[in-house]
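Student: Next up is a structure, given as structure tokens.
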Amino acid sequence: MKIAAIGGGVIGGGWIARFILNGHDVRIFDPHPEAERIVGEVMANASRAYERLFQAPLPAPGKLIWSASIADAVEGADYIQESVPERLDLKHKIIAEIEAAAPPSAVIGSSTSGFKPSELREGAKHPERIVVAHPFNPVYLLPIVEVVGGGAAADRASEILTSIGMKPVQIAKEIDAHIGDRLLEAVWREALWLVNDGIATTEVIDDIIRYGFGLRWAQMGLFETYRIAGGEAGMKHFLAQFGPALKWPWTKLMDVPDLDDRLVNMIADQSDEQSGMHSIRELERIRDDNLIGIFHALKANDWGAGQSVAQMENRYYARGVTAEPGYPLRLHQARVGGSWVDYNGHMTEFRYLQVMGDATDAFLIHMGLDEAYRGQGLSAYTVETHIRHLSEVAAGERITVETRLLGHDKKRFRLHHSLLREDGSEVATGEHMLVHVDTNAGKVVPMQDVLLAKLAEIEALDLATAPLDHAGRGIRELRATEAAA
Ligand SMILES: NC(=O)C1=CN([C@@H]2O[C@H](COP(=O)(O)OP(=O)(O)OC[C@H]3O[C@@H](n4cnc5c(N)ncnc54)[C@H](O)[C@@H]3O)[C@@H](O)[C@H]2O)C=CC1
Ligand SMILES: C[N+](C)(C)CC(=O)CC(=O)[O-]
């Protein structure tokens, strides 16, 4: 699939990173003299974030190709994402240039925060293929994208954006600023009043959000949260209790403070005091690490945006596990996250098992025990594990897992994982016995022929490999002489 990006600023850069990190080449046009540096810096932060976010092996990144004109960038493109500044006259000019050179079948997605598809389509040759595809910053991490405009183009855009890990929400009826920005504007306008009126500083307002309802919003929206706030009587009780307050002077919604020099300077000064000690790129990394922690927690609970991460990992496993040829198999890599390190300053115990467990998952997919196979009510359970911790590993280090199949019969198979640093030295080994189970009956059953054939093929490779001297050993007993010493 050929992707083109027109505009590589805050949002264009995020789009480019998302497409490239999902294996697509992207042709970009942006006349800014520093566009290459800016996009390069966004790419660096995005790659760093993906290594920390996903446990599954990432696809080989696509290439970034700089074009000298819009015509060159969009030639032969299947999907074009426009992310130029929010001015309707400029968007019209860009769309006209795109249409002059792109194939008529190409879908054009606009990042516009506020313009409606009917406005973007004015004067277009093929208006029906122009849709709003409005993302949220950082585009490479946040899954939601509002797709407005309907028809085949909206369906195609949704399909493409789903394939790069996004959660498109198609909005049937166009409205200024779509949905997300209408909600955000209400909060933003109120926050500006609170600063303007000297009620709170930028820092106090941000603290009230991040120590309070902001934490709730990452995992449940307004309606689910307020349903709970209604107690056992639920939403109706909530509306009865707090409904009247909507008519009290709690907000100044449509009234906007004048963004004169005084207010702009006041906000900018307070913001400098609050966050000026960090560069924007540092702030992006802090933000990304926090988001990744939230994604991981939500993934562990199989909830909300964590499900998007899990779905992407399944896709990455499905297409990535056979990527590296040779034996032992190299199916899984991990980067030691900051939160993986304990009070001793290196990777804590249970994370070794996590890396081995993820490598086992990659092996299961490699041998054919994938989502479709599991859909038949069949799976594999680990029944015994022996880990040898051989050396410490620090935050930020990359671990590659080499996996061997030490043996199998109709119902069981024995795996060996070796965790290696980038210099090839061994960090730990794990030996694991797995059984094949009927998950509904809760009992061990023989594997289907397709799995047995694949295991036989892998075991033949193992038989041609030097045996491991530590395989099959448990923890040895303490000798009396050693215990006395
Ligand atoms: N910044 C944000 O938080 C969000 C912005 N958006 C939308 O994304 C779009 C872009 O916004 P940002 O990335 O924030 O702006 P930006 O100012 O960071 O980037 C705009 C980029 O477009 C480039 N550009 C200007 N004229 C061009 C042309 N003729 N051809 C190609 N590139 C050109 C500029 O050089 C710049 O790199 C806007 O429509 C905005 O509403 C959407 C979601 C969030
Ligand atoms: C400020 N903004 C209107 C450009 C914001 C957005 O469009 C979405 C976001 O990322 O908050």
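Each Cβ is built from the backbone N, Cα and C atoms, and glycine gets one as well.
Per TrEMBL, the features are:
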- 2-174: domain '3-hydroxyacyl-CoA dehydrogenase NAD binding' (DOMAIN)
- GLY7, GLY8, GLY9, VAL10, ILE11, GLY12: NAD(+) binding site (BINDING)
- 179-245: domain '3-hydroxyacyl-CoA dehydrogenase C-terminal' (DOMAIN)
Student: When the domain '3-hydroxyacyl-CoA dehydrogenase C-terminal' (179-245) is classified with DSSP, how many of its residues are helical, how many are strand and how many are coil?
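Tutor: Secondary-structure breakdown of the domain '3-hydroxyacyl-CoA dehydrogenase C-terminal' (179-245): 55 helix, 0 strand, 12 coil.
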Student: What average pLDDT does the predicted model assign to the domain '3-hydroxyacyl-CoA dehydrogenase C-terminal' (179-245)?
Tutor: 89
Student: Which Cβ among the binding-site residues (VAL10, ILE11) has the fewest C-beta neighbours inside 10 Å?
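Tutor: Relative to the other binding-site residues in VAL10, ILE11, VAL10 has the fewest Cβ atoms within 10 Å.
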Student: Across all the protein chains here, work out how many other Cβ atoms are within 10 Å of the Cβ of GLY12 (NAD(+) binding site).
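Tutor: For GLY12 (NAD(+) binding site), the 10 Å Cβ neighbour count is 27.
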Student: Return one of helix, strand or coil for GLY7 (NAD(+) binding site), based on DSSP.
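Tutor: Once the DSSP labels are grouped into three classes, GLY7 (NAD(+) binding site) ends up as coil.
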Student: Counting other Cβ atoms within 10 Å of each residue's Cβ, which of the binding-site residues GLY7, GLY8, GLY9 comes out lowest?
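Tutor: Candidates: the binding-site residues GLY7, GLY8, GLY9. Fewest Cβ atoms within 10 Å: GLY9.
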Student: Compute the centroid of the Cβ atoms of GLY7, GLY8, GLY9, VAL10, ILE11, GLY12, then list the same-chain residues not in that set whose Cβ lies within 8 Å of it, in sequence order, for the NAD(+) site.
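Tutor: Going along the sequence, the neighbours appear as ALA5, GLY13, GLY14, TRP15, ASP30, SER83, VAL84, SER111.
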